[in-house]
There are 2 protein chains.
Amino acid sequence: MKKIITQVGEKLRANEYKLTPQRQIILEVMLENKDKHLSAEDVYILVKRKAPDIGLATVYRTLELFLEHEIVHSVNFGDGRKRYEYGDSTEGHHHHHAICLRCGKILEINEDLLEELEKQVSKDYGFTVLDHELKIFGHCSECK
Amino acid sequence: MKKIITQVGEKLRANEYKLTPQRQIILEVMLENKDKHLSAEDVYILVKRKAPDIGLATVYRTLELFLEHEIVHSVNFGDGRKRYEYGDSTEGHHHHHAICLRCGKILEINEDLLEELEKQVSKDYGFTVLDHELKIFGHCSECK
DNA sequence: CTAGCTGCAAAAGATTTGCACCTCG
DNA sequence: CGAGGTGCAAATCTTTTGCAGCTAG
C-alpha cells in the first residue's frame, strides 16, 4: 500500500499537484475500502476517525481531483449521491454491479462480456468506446 | 396518444390514484418527448407552456408516481439530476446510451446484446435479472 | 518563498415536505 | 362528500464556492 501511495504522489506531482497529509489519508481510506462504493459523506466519516480536523469540502475536492487523475472512479446508483471507488475505470479491470431490488445488496460482477457489443457500437455508430458502465437490476439469491 | 392517456388513467385508477389534468398534461409532455431524457425541471418548463399554474413540486410528485407505476423510467447521467423518459424499462424495449465525453451528446443504442451476459450472471451468482442499464462513454463520430 | 491547499461558513442546486385549500370519482 | 391532489413556501440534502490563513516542495 505504501507503494501505491508513493505512486499516486508522483502522479499528482507530475501534474503540479501536491500530496498533502489530507489527500494521503483519503487515499488510504479508499484503498482500505475497495469495492465499497463510498459516498463523499461516507469517506468523510471514515477520514474523520484518522484526522478529525479534516473538512467535508476537502473530501469533495480531493475525490474530484482523484477522479480527474483516474485514481478513483465514480458510480451512481440513483440514490441521489455520487459514489467513489478506488481504481481507474479506463484500465480495463472495471467490474459491473448487480443491484438487488429487494434488499439493496450490490454484487460485483467481474466478467466482461461487453467486447462484442462495443465492437458493434463502434461499427454501427462510429463511436469510439473508452469506457462503459453496466448495472443489472433484479433479485439476489437470498431474496428470490 | 389519446389511447395511451386512457390506459394510464385506468392503470392509476386501478391503484386508487386519480388522473388529474396536471398529471394528464405531464403525461402528454412525456409522450411528445420520447427519447429525450428530460429532467424534472425540463418537464416543468414544457408543462408550464400548456398549464402555467402548475407547480414544480407537482411535477416531481407526478414523475415519481409514474415511476412507481412503470409509466416512465429514469436514468442518471451523473450530472446531478435524475432524468425521465416515457416507457416501462421492464418491458424489454429498453435501449442503452452512448455518451460523448467531448460534446455531451447522447446516442441511443438500440441493440440488445446483453442476453448472454445476463444468462451468465444468473448462472454464476444465482441472481434473477429483471432489468439492466448500460452506459457507454467515449467520443462520437463528430468529435473524434 | 509561493502556488496550491485547507477549514469554515455561506451559497447553490436538486428534491422533498408541511399545510391549507381544491377536486376527481 | 372525502380521499387524494395541488400550489406555495419553507426545509432538506448533496455538492460547490469564497476567503483568509496554512504548507509542501
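Keep in mind that glycine also has a Cβ here, set from the backbone N, Cα and C atoms.
Positions annotated as Fe cation binding site by TrEMBL: B:His94, B:Glu115, B:His132. B:Glu115 (Fe cation binding site) falls within a helix when secondary structure is assigned with DSSP. Packing around B:Glu115 (Fe cation binding site) is summarised by its Cβ count: 9 other Cβ atoms lie within 10 angstroms of its Cβ, all protein chains included.
In the three-state DSSP assignment, the secondary structure recorded for B:Cys143 (Zn(2+) binding site) is coil. Under the heading Zn(2+) binding site, TrEMBL lists B:Cys100, B:Cys103, B:Cys140, B:Cys143.
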Pairwise CA distance, B:Glu115 (Fe cation binding site) versus B:Cys100 (Zn(2+) binding site), rounded so that it is a whole Å: 25
Chain A, Cβ under 8 Å: which of the binding-site residues B:Cys103, B:Glu115, B:His132, B:Cys140 qualify: B:His132, B:Cys140
Among B:Cys100, B:Cys103, B:Cys140, B:Cys143, the one of these binding-site residues whose Cβ has the fewest neighbouring Cβ atoms within 10 Å: B:Cys103
Three-state secondary structure, B:Cys103 (Zn(2+) binding site) (per DSSP): coil
